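Annotation comment: Swiss-Prot describes 59-79, 83-103, 115-135, 137-157, 172-192, 220-240, 251-271, 314-334, 342-362, 394-414, 431-451, 481-501 (among others) as transmembrane segment, evidence class sequence analysis.
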Amino acid sequence: MTDTVIAPLSALPLLADLPALAPELVLLVTAVCLMLGDLFYPRERVFQQWLTAAGAAVALALTLSMNFSGGATAFGGVFRADGLAAAFKVVCLAALGLTALMSEAFCRHASMRQGEYYSLMAFSTLGMCVMVSAGDAIVLYLGLELMALPIYALVALRTADPRSSEAAIKYFLMGSFASALLLFGLSILYGLTGQTDIAEMAHRLAVSLSVSDMHTLPAAVVALGLVLAGLGFKVATVPFHVWAPDVYEGAPTTVTAFMSVAAKTASFAVLGRVLLQGLPQLSPLWSDALAGLAVLTMLLGNIAALAQTSLKRMLAYSAIAHAGYALLGLAACTPEGLRATAAYLTIYLCMNIGAFAVIIYLSARSGRGRMGEGPDAGEDLDDYRGLAARSPLLAAVMLVFLFSLTGIPPTAGFMGKFMLFRAAFAAGYQITVVVAVVCSTISAWYYLGVAKRMYMQDSQDDAPATSCAITGETGLQAVLAVCLAGAVLWGIFPQSLLFWINVYF
């Protein structure tokens with residue numbers, strides 16, 4: 001009688017699949033605890049910061065400890081615990097942890113409510129992990145919205161700054177439009193295949209195309225265009241980039257750092273899954289389309305960055321350009337290209353978060369911009385004039401990040417671009433690679449322009465005062481140390497990064 005009542009765990013498929021959701025469950029518990037902690041202990045700001053970082057670290061450890069051989073699925077295939085999900089999920093979780101560590105100083109300076117801030121960031125990362133692991137179109141879309149909605153609120157969280165509210169409105173309107181395009185494209189694919197499972201979509205579409213159905217190919221091409229447009233907005237590729245400069249500049253600096261890395265990485269993972277696993281029959285079309293988008297994105301991002309006087313806005317256009325570089329790996333339509341994209345986004349995590357950490361350090365050390373009274377210290381390029389004389393160590397750290405963003409050896413940025421260029425070249429996109437090399441040369445002008453201000457120009461009278469040592473901010477110190485190590489060591493010893501990437505692909 002007991003045997004018929006108490007079923008073994010293997011007979012309970014929902015419970016048996018829960019371990020695949022372990023990182024997501026940790027993030028969910030962390031977000032809920034942050035909300036409750038802010039309700040009962042609103043003054044424990046440092047605790048909220050370290051709780052967020054700890055939750056991200058535990059979720060990251062669980063992700064790294066999972067066995068992804070064979071591409072396991074859960075909950076009937078709607079959730080995939082495979083290598084693609086793990087590699088990109090690691091970057092999103094690391095971005096959450098690093099952003100949390102450097103947020104307390106900025107939130108204190110900007111007088112932002114930290115309980116909502118950290119919980120929204122945790123919920124957004126939860127959405128990223130869900131969409132990265134989605135094996136079903138419906139789950140993918142739900143994860144995307146769970147990622148986007150908290151970011152809309154995060155962008156507007158600095159209520160005293162009118163730029164923040166303006167950026168949030170722009171981002172919400174453009175994001176809603178892009179989500180509608182993506183949903184429309186997925187609905188067309190569902191109409192063609194009768195399936196929401198991404199892998200099954202590919203099988204049904206292959207059958208329809210093999211029998212020369214005259215209606216299938218045109219409809220599939222339209223769906224492909226809508227999916228590229230919807231996800232192109234999330235990645236900030238040309239011509240879907242128009243929101244990025246204003247939103248990146250107007251959002252709180254920590255939010256800009258988070259969304260420029262984590263949201264971009266999750267969107268690239270979804271783009272890779274939908275194209276490689278859902279639409280492989282259309283690869284001749286979408287690979288050429290991605291190569292064309294990459295060229296436009298690299299050119300516009302780098303050329304527009306030349307004219308900027310705000311470092312945050314310059315980094316916004318730089319993020320657009322880096323999205324173009326990352327597209328080269330997907331355009332290659334090969335396992336090597338996907339590995340190169342994952343490796344590059346991992347490196348981009350270190351060099352971009354590190355650059356924003358320097359901006360936040362200058363902001364925290366200055367009273368300028370407090371309570372939304374104009375731009376924060378560190379946002380304008382002229383704030384970096386004479387930084388080497390005022391804070392030699394901080395200037396040296398920033399110089400490493402600038403070299404890595406440019407792609408100058410022996411930094412990790414060089415190795416990341418080399419892997420992408422090699423994959424694209426092997427796939428037959430030689431001219432595209434030449435354009436990418438030219439664009440990297442253009443980027444040296446504005447990146448090294450910051451270095452020129454730091455080392456070859458005198459400080460302004462109103463330049464933010466900084467000490468000669470990076471002291472007083474434990475979280476920022478940790479972020480700068482981790483990002484500096486990644487930007488340097490992965491350039492000198494790229495085998496360590498390649499070994500980790502090869503484990504998943």
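Positions of Cβ are set from backbone N, Cα and C atoms, glycine also.
Using a Cβ-Cβ cut-off under 8 Å and counting only residues 6 or more beyond its ends in the same chain, the transmembrane segment (172-192) has close neighbours at 137, 140-141, 144-145, 148, 152, 201, 204-205, 208, 216, 219-220, 222-227, 229-234, 240, 242-243, 278. Sequence-distant neighbours of the transmembrane segment (481-501) (same chain, 6+ residues past either end, Cβ-Cβ under 8 Å): 87, 98, 339, 342-343, 346-347, 349-351, 353-354, 357, 397, 400-401, 404, 409-415. Two recorded stretches are said to be in contact when at least 3 C-beta pairs lie under 8 angstroms, sequence spacing 6 or more; the transmembrane segment (115-135) and the transmembrane segment (220-240) fall short of this definition.
Under 8 Å from some Cβ of the transmembrane segment (137-157) lie the Cβ atoms of residues 78-79, 112-113, 116-117, 120-121, 123-131, 164-165, 167-169, 171-172, 175, 179, 182-183, 186, 189-190, 196-198, 201, 234, 247, 250-252, 255, 258-259, 263, 266, 270, 273-274, all in the same chain and six or more residues away from its ends. In this chain, the transmembrane segment (83-103) touches the transmembrane segment (342-362); three or more CB pairs sit within less than 8 A of each other, excluding pairs fewer than 6 residues apart.
Tertiary proximity for the transmembrane segment (251-271) is limited to same-chain residues at least six positions away from its ends with a CB under 8 Å from its CB atoms, namely 84-85, 88-89, 91-92, 95-96, 99, 102-103, 106-107, 110, 112, 121, 124-125, 127-129, 131-132, 134, 140, 144, 147-148, 151, 154-155, 157-158, 164, 167-168, 231, 234-236, 312, 315-316, 319, 323, 326, 330, 341, 345, 348-349, 352-353, 356-357, 359-360, 363, 376, 378-379. Long-range Cβ contacts of the transmembrane segment (83-103) within its own chain (Cβ-Cβ under 8 Å, at least 6 residues beyond either end) map to 23, 49-50, 52-53, 56-57, 59-60, 63-64, 66, 68, 71, 114, 117-118, 121-122, 125, 128-129, 132-133, 254, 257-258, 261-262, 265-266, 268-269, 272-273, 338, 342, 345-346, 349, 353, 356-357, 360, 473, 475-476, 478-479, 482-483, 501, 503-505.
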